[in-house]
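Annotated features in TrEMBL:
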| type | residues | note |
| --- | --- | --- |
| DOMAIN | B:40-155 | domain 'Acyl-CoA dehydrogenase/oxidase N-terminal' |
| DOMAIN | B:161-271 | domain 'Acyl-CoA oxidase/dehydrogenase middle' |
| DOMAIN | B:286-454 | domain 'Acyl-CoA dehydrogenase/oxidase C-terminal' |
| DOMAIN | B:467-594 | domain 'Acetyl-CoA dehydrogenase-like C-terminal' |
2 protein chains.
Amino acid sequence: MTPYAAPVRDVRFVLEEMLEHGSLALPGFEEASPDLVEAVLEEAARLAGEVWAPLNASGDRQGCRLHDGQVRVPDGFIEAYRAYAEGGWNGIGVSESLGGQGLPEVVASAVQEMLHGANMALGLCPMLTAGAIEALAHHGSEAQQAIYLPKLVEGTWTGTMNLTEPQAGSDLSKVRTRAVPCPDEEGDHYRLFGQKIYITWGEHDAAENIIHLVLARKPDAPEGNKGISLFLVPKFLVNADGSLGERNDVTCASIEHKLGIHGSPTCTLSFGEGAGAIGYRVGEEGRGLNHMFTMMNEARHKVGIQGIGVAERACQHAFAYALDRVQGRSPRSGHSDCTISDHLDVRRMLLSMRARTDALRALALFCAAQLDQARHAADEGERAAAQARVDVLIPVVKSFSTDQAVEIASLGIQVHGGMGFIEETGAAQLLRDARIAPIYEGTNGIQALDLAGRKLQRDGGAALEGLIGEVEATAQALEAQGELADLGKSLAGGAADLRAAMAAVLEAGADPEQGADAVQAYATPFLSLAGHVLCAWQMGEAALKASAAMAAGSDDPFYRAKQQSADYAIRQWLPVGRAQRAVIEAGMASLAAFDASAH
Amino acid sequence: MTPYAAPVRDVRFVLEEMLEHGSLALPGFEEASPDLVEAVLEEAARLAGEVWAPLNASGDRQGCRLHDGQVRVPDGFIEAYRAYAEGGWNGIGVSESLGGQGLPEVVASAVQEMLHGANMALGLCPMLTAGAIEALAHHGSEAQQAIYLPKLVEGTWTGTMNLTEPQAGSDLSKVRTRAVPCPDEEGDHYRLFGQKIYITWGEHDAAENIIHLVLARKPDAPEGNKGISLFLVPKFLVNADGSLGERNDVTCASIEHKLGIHGSPTCTLSFGEGAGAIGYRVGEEGRGLNHMFTMMNEARHKVGIQGIGVAERACQHAFAYALDRVQGRSPRSGHSDCTISDHLDVRRMLLSMRARTDALRALALFCAAQLDQARHAADEGERAAAQARVDVLIPVVKSFSTDQAVEIASLGIQVHGGMGFIEETGAAQLLRDARIAPIYEGTNGIQALDLAGRKLQRDGGAALEGLIGEVEATAQALEAQGELADLGKSLAGGAADLRAAMAAVLEAGADPEQGADAVQAYATPFLSLAGHVLCAWQMGEAALKASAAMAAGSDDPFYRAKQQSADYAIRQWLPVGRAQRAVIEAGMASLAAFDASAH
């Protein structure tokens, strides 16, 4: 596998030139200077490239092993995780009051991309811990926070999310795991009984303890969502002095044999095979799903980031191969024995991979910057406006980045020709790994429903309309620049398509005859259109910044490359997305009438 | 893995109702009645479903093993292959004069789809043998035909294609394997020295002998294509009486560890580690590449068929899961605990898979029917016209079917949610298997160059223009039918887009400034556009036939399902393809200026 070089320059272009380090100007980030951010990125790149990336292929080959209920992760993973935790990386996005470094989300997101690009399977471990930290920080009692947060933030312990059960996947209202309150004299805890599946890093040997956050219901709880509460179930019980006590009654029954992310143990956990797993309720009774969704929104952003990390690695892999592999004659120079990067059809694949990865990254970091605004802006109105954008952007970042990552990884295989199909090359692993991201943390179909259904319908499209206005402003700025005028025109067309499609989806949603049903039929095409337009918008911004830098005298080839990337994204990629307007406007009558059993 | 039921009804719809059994009316097929074809399809479906399909997952898990130069294929494969050979299936498309059954290519193609859908890894073995039969039938001497063809046609021996070497992949002019003529007194053979890679079923234990067809060059041959000749190298030498003699000096050095088709051994073969592998020249000296291309065109059609087989199986898998998996509440009925096939976003995925698979099958079988015409039509002009269409259609069938198969298999995973990522489910294998098809037998990029470069430029687009005319005729017929008028309009729009894009590609090709270079930049978008329009055309035809059947009083739900499929293909799928016109018209200046090393 080609060595991985974290894309520091590309990330800095987005943070410094596109976002102009806006997050650093927010209250609470006074100590985070551009220099500090640069140093953090450089150091993260070193960890990712030198420590995590070399274990990606070996971890895939070796996978995880379950023996006597104990999971062993691949060789080297424990040390690589420790290097990460000891370097303080687990807390970089966590606020200082909780023991973290309190850096902005844009910076934390950039670092996450590097780690996932280096080793997605290992990256999942801290990703899940971050969810547990978030849940406890928002909903845990003071005592719970005091006991569990410091260890989770420093990464000595890791966290998990226990949601899915065999009958409860996308529909969590069907959760059956029982949490039985203990008699008063025994304490304030519960005993949990049930089985959870697909638990990422649910059991492993890389940390001293594992803190499971578990959805379960009390025996007398009502059916449906309102009966579900959130519980904390440690692998090892924690004594009053913070030391580890007894092993809790939670065991790993099996680990899954998966298409990819072999280095990440996906566990079936059994709670209460004996006297019951001791658990503590987190937050309010009956509000477990709500509490879980607090953190799930951010977890979805992180999954989008994960897709981008893998896409970046696929790019690097494909570029390195194409620049090295000699085959055929260049049709331009007539040169025989050119590298395949000389063939325009190969260039098309490379540029398509690069342009999309650039665009997805810019959009995801824009969304992260809005998260920073939503949390830290001094003005309440600004915070609310940023949050409204975040709400619209997160399903797009999650779905669109991950769907595209699968396509980019698949194109990466194609660039390699026959070599791409051979596992040793490493390109195939990236497709295998990427393929989970459109599924977990809410399938991409669920994301599309969240966007076209909940998010769009509840504010009548106001937040997205605001973003479309910004797309149009960028289009106008491009049109005002001689050589970028064509891009501006295309982008304006994309904005118009998105507005028209939004109107159609809102109209369908408002129609009591069709309602939720029609919205569901249009949801995925609509999300795809939104993703293409918003990504093209970001690349329009990138083109403007690159153009300004060159006009100011820079001859850094980076800017020219970024302009080519923008050119491809807007001319060759956006039109494919714009076609989704026609898909939506053609109507979806065939879906309502569709009878799967007749096909 | 869900049992596989070969799509007999769908195939019969195409052969009987869409193609009206046109091939059976050709000279040479007098004995092939519709009843016979029906019986053949039913029997093939039985073999595919009962004998081959059950070994698909186990073959994937077990893979092939190399020990002491001997490859063992997965358990059960030898018996399944024998059942196939003993049933006479290997010769169904081979002419009776060569010992085959001489059925039309449309029928043989339909059977191939069933076998690949059942077990693509095993299906590759006879697919390669068919190539060897083709090569010998066209270019072998009478003596060679007498010795090798009967055994290959009956399937007692299998065949391989030895083209690729480490430095010679898409560019076969770089082949270095040497064929040294033996001194006169020794005989008319050669001794071959060299290494070939990616040899499908290059070594195995399922047949008594393996006949390798090998591209090599004589020591005094000129460089480049013209120095390459084709040689026949048997694994075991064949005595004058037809019995097997000594082991030849060709050995399997290694087998590849691949993303998919684990049951198909992909071998590195070493020729001449000792005294040299004895080989016999096939056809003319220096014409090896030409001879190879004779059969490669048909092999490409077969790879397209293979994609369709896997796509069909992915459909069946996804439909079965979606009709069984209970999750969530139906937004229409408000019914809680519906199957996921009730959710419109899931229906969208299912119908997208089904519509595309139907369309790809119809186009591939249309192409096969043209192959029958090209070979058997009484009139020379008709034969030539059919061949011109075949030339245009084959790159489309190969690339478009295989690219789509990858997407369909990936959608199949998505329909399964978390289960899709678990290998035991079987959906992931279909993606892993399908992923090779866009690569081998000429990458899909090479196919696109063949279409937009060679095929289109040499006749000025005449053959494709003829097909576009037929698309328009279908569009008019749809427009004349009240309820199908909208489909006709969309289809006519697609035809117009394809014509405009063709004009742009022809213009670029005629421009001495741009020439081959520009054509290469547009090739893949152009092929994608052509694939979408031609597939939509076929579904327009399907809608007309289904409509006619219903108008004639049929209440078979099959016809209604086929109309839904056509409706989706034309309304929701075609627009995405039509966007490629905008991609082409936006120009590809960024590709010419692109410098991969700067990205």
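Cβ coordinates are placed from backbone N, Cα and C, and glycine is handled just like the others.
Automated prediction, rather than curation, is the source of TrEMBL annotations.
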Mean predicted confidence [pLDDT] for the domain 'Acyl-CoA dehydrogenase/oxidase C-terminal' (B:286-454): 95
Leading stretch by Cβ pairs under 8 Å, where the reference is the domain 'Acetyl-CoA dehydrogenase-like C-terminal' (B:467-594) and the options are B:40-155, B:161-271, B:286-454: B:286-454
Helix-strand-coil residue split for the domain 'Acyl-CoA dehydrogenase/oxidase N-terminal' (B:40-155), DSSP-based: 87 helix, 6 strand, 23 coil
Counts by DSSP class (helix H/G/I, strand E/B, coil) across the domain 'Acyl-CoA oxidase/dehydrogenase middle' (B:161-271): 9 helix, 55 strand, 47 coil
Helix, strand and coil residues within the domain 'Acetyl-CoA dehydrogenase-like C-terminal' (B:467-594) as assigned by DSSP: 112 helix, 0 strand, 16 coil
